[in-house]
Structure formats: C-alpha cells, structure tokens
Amino acid sequence: MVSKKEKGLIQRLSERLWFGSHRKTREPSAPQLQDSQELQALQQPKEPLTILEPQPSGTQEPQAPQEPDEIQELQEPQEPREPEEIQEHQEPQEPQEPNESHNPNEIQEVQGPQEPQETSSHTARLIRTIFPRRSPAVQIRYTGTERGCGLFANRNLTRDQIIIEESPILTSSNGLLRADWNLTTLTRRQEAVDLFFRLRHIPTDRALVANEPFETILEDFRRDYAFQDPAGQRALIYRNASHMNHACSYCANAEWIIDAEEPHQITVRVTKRVGANKEIFISYGWGNLPFDCSECARKRAKRDAELARRDRFNRKLQRVAMLFKMPQIQCFGGSNHSIYST
C-alpha cells in the first residue's frame, strides 16, 4: 500500500515533468501573436481587383467576383507549342481574288504601283528650260539682199557635220517641167508654193496650159533652184537644199552629193566651222553663171565701203592741213592705197 505521503510526492513529480515537457509550447504573448498574424496576412495572395462596368437599367445584376482559386483555374498558362506545330498551323494562305463589288481604284492600289501622274505645267516649263528640245541644225531665212532667201545655221556647226539628208519634193525631166507639174498632186503643189516665193503666182488648183506665162516662171524657177541627178536627165527640187546660195570653191563652207538611185536623196556636209546664224553656201560648180560668188561680192562690198571711208577721212585731213598750214601730215591710204604727205 502507498501511503498518502508517497502519493503526494508522486503527484508533484508528475506535475513537474508535465510542465517541463510543455514549457516550449506555451502560448505566445499578445504582441508576438499580433506580429505573426500580420506576417501571415502579407504572405497570403491578395484578391484581384475587379472593375464593374456600369450597365444600363433593365440588365442583369453584376456577377459576384470569382474567388482567386477559380480565376487561377480559368487562366492556367498554356504550354508552349513546338515550332513544327506552329508552322503547320501558319500555312501560307492563297491570294484571294478581288471581289467584283470592290472599287477598281482600291484594287489597283493593292495590286501594283499607280501610274505616274502628269507633270505639272511649272515642272514642264522648268524641264524645257533646263533641257531644251534640240532644234534643227539649219533654217530657211530671208537674207535681206538680192539673193532672197538662204539657208542659215541655228547653232554652231563643226567640220564634217552632216546637216541635210532629204529626198526631193518635186522631180521633172529636163524641158518637161510643166507636164510634170500638172501630174503632181495638189498637196505637193501647195507645199512647193509655200516653200518658194518665186512660185507664189502659179495656180495650184488647175493644170497649166502651154505657152502660158506661168510656164516661163516654172522654167526660171527650175534654172535657179533645181539640182540635177548624176545622169543629168532629171531636175530635182529639195525642201532645204534648194535654198542654199552659191559661193566660189574658196568661200563655200559646205558640199553636197546626190544618190544615183531613186529617190535621189541629197546629203549636205559642212566643210568648215560655221557659227550660229551664219549663212551656208555651196559651190554650184556649173559653167558660166549669171551671178557671182555671194561671199566674194560681200567681201568686195565691204572692202569698197572701207576704202570709201578712208577717202573721206583723207579729204578731211587735207582740209585741216591746208587750214592750219601744217607742213607735214601723213594720211591713211585712200582708194589707190597711197599715203599723202605735204
């Protein structure tokens, strides 16, 4: 039997053992409990904010926001697909044909580049100013002398430059110009009358009759303007070449040649450097001509004018010498190229 004293001792020992084993698991104090609760609150995931859009009256009531667990289940990240699977899903689509109902202007914009727009008037004028259109090398002009019209250079011409290559506008057998004129078309007749001032009085709307004054005009025109073919059987009238005036072989600055075969095309080549607005001369090369070399006549007229000016100046000097009784005065050469002295 255990006595009461031993029971009390055993009870005290058991209480001490129990309190010793549960000393580390006693409840925390009030401040420690508060800190642990705040830490757990920070570690817990926050609920996502939900923005409720305003709905008009008569619509359904806004649904309650879903719990975070439900949102995570709905928005699970998809697994990345392999590149081969992506390429299989992204096969190139076939080009769709344009719908007929679409605007044709829109189809043109999609299919290809638009056509270039027309150049404005200001740009066109600027282009013409910077890059002028190349004018013909020669032009028919009035000489202002008894020669009438002549052929002039529009720009500077270099040596051996071909300036004319053309076929005749009128052809005639020697001595049969009237008959060939009557066989010529009305258009060609009018063109010849417009080009040559000598033919201005000849009618183009009817045939010419023999022994008519117009026949004499045609013969004079053929003598002054016509070339002959290499065989010497036909007279050839050219649009530009027939306006070239004659000069001697020394003063001529161009030469010509005619093809022996039809249509007897003429080619004119420059033999010297010709400045702009200068007249072009050729040597007719025929026998006794009723006119002289144009350049020689011009140079002779210029020389005569210079000699006349010197004569006038010498006479003035002589009068001055006689007035002031100067013993020695030397004058310029006069018409006889002499020097006067007193």
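The backbone N, Cα and C atoms fix where each Cβ goes, glycine too.
Pulled from TrEMBL:
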type     : residues : note
COMPBIAS : 1-15     : compositional bias 'Basic and acidic residues'
REGION   : 1-129    : region 'Disordered'
COMPBIAS : 31-43    : compositional bias 'Polar residues'
COMPBIAS : 78-92    : compositional bias 'Basic and acidic residues'
COMPBIAS : 114-123  : compositional bias 'Polar residues'
DOMAIN   : 136-285  : domain 'SET'
Residue counts (helix, strand, coil, in that order) that DSSP gives for the domain 'SET' (136-285): 36 helix, 42 strand, 72 coil
Tally of DSSP helical, extended and coil residues in the compositional bias 'Basic and acidic residues' (1-15): 12 helix, 0 strand, 3 coil
Local confidence of the prediction over the domain 'SET' (136-285), expressed as mean pLDDT: 86
